[in-house]
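Trainee: Have a look at this one before I ask anything.
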């Protein structure tokens, strides 16, 4: 029995209280409602947040010239595509929701997977969602305060309203959530298309001084190897979110086809948009103007769009609203997957009996983000754990190579050449070593935050024979949560996890499943 199955059994009481496994097709399960278009919307919508509109200058100021900055955007896009290619193979070889958490856990063991989940639950997703929501509220309120900054309380209240609204949408229906994602992703792509078209118009007018080779590679500061490495690091962070579709694999329609297809469509599309949006910016602004602007797209709009300049701040607000939705949708599935494996409270692995949405996981995600809105240290926390997040990308891709040798005969619908993960790992190691060298204290604190999960793992997961009073308390809280949220464990097919795991999941039901099993058995999902 695996870590997760043992934990689920202890969390659910003795096996004699659990009902027999439900017949195939008779239970509640996550719906497969994410088609190819919505899958592309999740990837594109999560990668393209506010950054390309607000501040694409991190790459520019470290690359030291326009030409080198564009090369950095292209190379980081190619490396991201290679990483996504590796994740595509892992996603169809281990077809479980949870993304890199599930892959690391299955390949390297429960502790490694738990540490990936721990840092995501504790800091990464709550802080990222809080920052995106605050950016949304800032751009909505800014027109009301043209001569000063919006009040901090107002920003946080509006950000909280945004989070609560989108949590309600995600709890109500997977279809609603994906439609919101589709619409707002289309909106941000249209806004970026407008920027690119305006750039083409500028080039046709002869405004391409900074694109001529002699000027493009003219440094506005001395080239420095350390700064160039930092430019690549900034570029890699700008593509963050490329792996989010792997978090919802079980909700994809025909994942063996649509997962790799969505990746192959989305990553080149984002790379094209990033490169050509930056080309458009430098047709209207010098590098110095771009670096001086706090909202590059807004400055661009003021220069070229005249009375229509309001389109740009609206576009940023819409982009960030869609970004919050995409992050809530995918991160809740990560927490759902973690709970299903016994690494988080079992209540988070349950779904609504009629809506078939992971309501407890969504509420947990929303609550943790709201708590982050109450602290002023979230930006510091992001700096600390950004290194750890990037660390696990490499660990996951290395796991692909390990899996090839540990299980060479496992069915792989997609099998790429090992040269691709090797190329990715070389680039990843270069950036990781540079990060450690340039910011050892920040990286060290990030590692320390991650390692706080080790005692939690041994106390909460590895320790099987907990006192009966603890198990009784957990059962009562789980029962209460189920009653409040009207949720049960999803039924799984026996082959969903490669064998016995599906059976164990159904056997280790919660107390409420026994009492209400007959009522919920025929839920129309």
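Cβ from N, Cα, C; glycine included.
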Trainee: In TrEMBL, which of 134-152, 153-171, 476-494 is labelled transmembrane segment?
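Mentor: Comparing 134-152, 153-171, 476-494 with TrEMBL, transmembrane segment matches 153-171.
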Trainee: Looking at 1-23, 24-46, which stretch does TrEMBL describe as region 'Disordered'?
Mentor: 1-23
Trainee: What parts of the chain pack near the transmembrane segment (66-87), using Cβ distances under 8 Å and only residues at least 6 beyond its ends?
Mentor: 59-60, 99-100, 210-211, 213, 215-217, 223, 228, 231-232, 235-236, 238-239, 242-243, 246, 263, 267-268, 270-271, 274-275, 278-279, 282, 287, 393, 396-397, 400, 416, 420-421, 423-424, 427
Trainee: If we skip the immediate neighbours and take only residues 6+ beyond the ends of the transmembrane segment (417-438), which ones have a Cβ under 8 Å from one of its Cβ atoms?
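Mentor: Same-chain residues near the transmembrane segment (417-438) but 6 or more away: 79, 82-83, 85-86, 226, 229-230, 232-233, 236, 387, 390-391, 393-394, 397-398, 400-401, 404.
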Trainee: Select the range from 107-125, 223-242, 304-324, 444-463 that forms the most Cβ-Cβ pairs under 8 Å with the transmembrane segment (263-284).
Mentor: 223-242
Trainee: Find the member of 153-171, 183-203, 223-242, 359-381, 387-405 that has more C-beta pairs under 8 Å to the transmembrane segment (304-324) than any other listed stretch.
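Mentor: The listed stretch sharing the most Cβ pairs with the transmembrane segment (304-324) is 183-203.
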Trainee: Under 8 angstroms, Cβ to Cβ: which one of 34-54, 107-125, 153-171, 387-405 has the largest number of such pairs with the transmembrane segment (444-463)?
Mentor: 107-125
